[in-house]
């Protein structure tokens, strides 16, 4: 029997054979955590002495590494700390790093100066509580949190002051900034091993074979000590060719420089170039030779080169115009990369550091999230016959995306006290996303709380009111509450806009049984009668029965619609698929006046986009003007923070415009 401890004081007991290899135990743990980037983590063995920590060797049998007496205690920990957090590809991996560092600083394992600790604590609070609010975060709101051992009296005030400066940062961005700040600590990533004599006094000497061996060890210790005390160790100088062949290539003999596109003035300033809606972006690397972005695709993958990630605070993030995730790279330093493999492109970008200027020049096609919002206005006017529809198109095309961010995320004066009651805190998936008290769905019975709000969208011109319930994705302990809500609200349609796991992170618990199976959730029985669909979305026919109702013949027929091609904080993979899905939601709703239950993970981002899209469709059909900002404001008046990111707003406006063209 093995007892494993994780972050946040979570424990897991496992039973394996001691003759199994250590790798088997590691694989079980990784699968339990649904971890993708596994190389950074390990299991630490707790020996008799707390000063002597060993790592489980994956290549040796477990019985040779553990005590014979059960249980054997192990701790899941970060084993290898990266110097640059942007090298961690998965948000979930960065989250585990974040939890590990918080735990190490609190326990004193990782020494941290007070000023650095206050900054780190402010990022941790931003990740957990969200933006500072004077009405919600009263004096002393940090008293229940612990950040460092034996904090000074003014520490909480300093953290609260810094917390106010982080407004607008998402949990993922806050955690990334935490990692970036923590990586600068002197003993970040350093593993200490203690040596003592029998009297438990520190041992500062070595018994070596001879004088010369002793001198060599002392010299090595001094060199290592000096190296790790450097604030900014100089990166090793490496030529491009050495770097190229060290990393390897599928085609080492293939020339990286294929052809130079003529006619392009590469002395042009940053900004739009006069053809094909392309944008010229220039940037220089940081002192470590990094530009701060990743790409995906390539000729070997039969995909264009797309920017997959831009790390905050890097050259790619700070250049003007900014390089955005989703941008398609057309030229690199004047070279056409349409026939380049992914490895070739990566090496070409790295080679820019070897240039005399050290400058990287990219010609990119802006991503589809806001790609044709200016062009769509002309296209709409070409397709529009009447003034009302033209007004619709102009309102969509001229919307200011910065104004979406300037809208209040939470309506002033709306309280959320019920969500913060001790008995309800565990029912919230995210600490900073709570329902308004005035519009929350109230369950019947003593435990009446669920993280859900009523949202009503009025359609002028005789369109009536579209009623919704926007809620978070159910947790393992709230599935019964979810089905109770559906039963009491007679909600025959449930729209799910997430997958269960995204990028290694659980977004929603499976609150329904597999097809042809039945499951019990609190006082309700759910049966899945059928499942059909395509790679973009699935439709499930469900039957809901209240087990406490005496008339067993009375049951509800429900339809659950799950849209899967939509990453969190991103946009739908295909606008046509999404429009078809929204149209299908509308047809399933029909003329019913009962609310439609809509949820993603938090119940605010993708949920808000779908509600806005259906509302816009209804307005267009009634020849009404579409004001996206007004729609967002109306939603936020009923549930806080609806539509999270500017990227979602851009994509949404573009999709509305596409629908308007097709509608004409």
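Including glycine, each Cβ sits where the backbone N, Cα and C put it.
Note that TrEMBL annotation is computational and uncurated.
As recorded in TrEMBL:
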DOMAIN    1-284  domain 'FERM'
DOMAIN    280-352  domain 'PDZ'
DOMAIN    397-645  domain 'Tyrosine-protein phosphatase'
DOMAIN    576-650  domain 'Tyrosine specific protein phosphatases'
SIGNAL    1-22  signal peptide
Average pLDDT across the domain 'PDZ' (280-352), rounded to a whole number: 85
Residue distribution over DSSP helix, strand and coil in the domain 'PDZ' (280-352): 18 helix, 25 strand, 30 coil
Structural state census, the domain 'Tyrosine specific protein phosphatases' (576-650) (DSSP three-state): 45 helix, 4 strand, 26 coil
